[in-house]
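Database features, via Swiss-Prot:
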- 34-54: transmembrane segment (TRANSMEM)
- 78-99: transmembrane segment (TRANSMEM)
- His84, His183: heme b b562 binding site (BINDING)
- His98, His197: heme b b566 binding site (BINDING)
- 114-134: transmembrane segment (TRANSMEM)
- 179-199: transmembrane segment (TRANSMEM)
- His202: ubiquinone binding site (BINDING)
- 227-247: transmembrane segment (TRANSMEM)
- 289-309: transmembrane segment (TRANSMEM)
- 321-341: transmembrane segment (TRANSMEM)
- 348-368: transmembrane segment (TRANSMEM)
Amino acid sequence: MSGPLRKHHPLLKVVNHSVIDLPVPSNISVMWNFGSLLGLCLVSQILTGLFLAMHYTADVNLAFSSVAHICRDVNYGWLLRNLHANGASFMFICLYMHIGRGLYYGSYFYVETWNIGVMLLVLTMATAFLGYVLPWGQMSFWGATVITNLFSAIPYFGPDLVQWLWGGFSVDNATLTRFFAFHFFLPFMIAGLSVVHLLFLHQTGANNPTGLAGDVDKVPFHAYFSYKDVVGFVVLLAGLVFIALFSPNLLTDPENYIPANPLVTPVHIQPEWYFLFAYAILRSIPNKLGGVVALAMSIVVLFFMPFVHSSRQTSHNFRPLAQVLFWLMVVNVLLLTWLGGQPVEYPYIFLGQAASVIYFVNILLFIPIVGYVENKLLFS
């Protein structure tokens, strides 16, 4: 058979159609780099996590000591732990940038790709939460207690569900063991779902900044965008290594360097920084069930994006009114992130409630109204 091997070999042609001869709109910007950066983060997390798992012990009496042992006695264990802990932060930075790009340029019109992406977000958040419990420090233990306790708000079978999750009547050895098992398993599930995400993306082709059909001007992915992705890889890895070497505790909670003690509650229980926006929404509602519903809806609302978009234009590029709403949403999420780390007192309670209302009203009410107004102004 004539032609390059990559074009007719059963395995290589799949790779060829995905990353070599894939037709890509020629005008996609650096904002389209975050998908590949997420792939790099996932590979990095799986590799560092695999080596950490070789030395970690999932037992309430030994977990904290085993993490200390990794950092002190294992060759480059301190580096593996720092890369893994900070790699999670970098992964969420890329994830939120990737979602932000999708919202700005209307990528949610590729409904299957978008919905699988939101599922990937939920799985990644679950994986990160499970991983935060494993060092068995104070914030690990109390974070696990508080978050799993939220399931007790589910009517009728909530309390039984919580005991089933715990494997007993409190967060204990059974909880830690199962959390470790799921933390090990879920990244591979994320990797599998990412392949499905790419499969659906390549069925429709990539979006582009204009929001118009990009079929008129496409170029092969390699070498135009493969080298562009490599530049992103270098920048991301340089940033990750810099943080891991020079300021490894910049993004972590010092409370987690205290071994877990069920008899002493930390002054302020809070999750890692990348969950603070959702935590602020949870805290803003004084009712337990209402808070849990609001927390779930803060992520589920992303599924509604294709339905609340009423404008005849896909991208925000040429929609000044919609751009104002988009940046309002970005600033609001940053404000919620800050509020989630503040104590539960005035004025933070009121500000959290106001920001939570703005978050939902902006997506479910303002976005469709502004789209309708723009249609009237531009096309009527």
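The backbone N, Cα and C atoms fix where each Cβ goes, glycine too.
Locations of recorded Swiss-Prot features on the structure.
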{"residue": "His84", "record": "heme b b562 binding site", "DSSP class": "helix"}
{"residue": "His98", "record": "heme b b566 binding site", "DSSP class": "helix"}
{"residue": "His183", "record": "heme b b562 binding site", "DSSP class": "helix"}
{"residue": "His197", "record": "heme b b566 binding site", "DSSP class": "helix"}
{"residue": "His202", "record": "ubiquinone binding site", "DSSP class": "helix"}
Of the binding-site residues His84, His183, His202, which one sits closest to His98 (heme b b566 binding site) when you measure Cα to Cα?
His202
Can you grab the distance from His197 (heme b b566 binding site) over to His183 (heme b b562 binding site)? Cα atoms, rounded to a whole Å.
21
CB neighbours of His183 (heme b b562 binding site) within 10 A?
21
Remote residues contacting the transmembrane segment (78-99) - C-beta distance under 8 A, at least 6 residues beyond either end:
31, 34-35, 37-38, 41-42, 44-45, 48-49, 51-52, 67, 70-72, 117, 121, 124, 128, 131, 236, 239-241, 243-245, 248, 250-252, 272-274, 302
Hey, which of the binding-site residues His84, His98, His197, His202 is the loneliest by Cβ count within 10 Å?
His202
Measuring Cα to Cα, how many angstrom lie between His183 (heme b b562 binding site) and the residue listed as 'ubiquinone binding site'?
29
Using Cβ atoms and a strict cutoff of less than 8 Å, what residues sit near the transmembrane segment (348-368) while being 6 or more residues removed from its termini?
280-281, 283-285, 294, 297-298, 301, 304-305, 308-310, 322, 325, 328-329, 332-333, 335-336, 339-340, 342
For His84 (heme b b562 binding site) and His202 (ubiquinone binding site), what Cα-Cα distance in Å is obtained after rounding to a whole number?
30
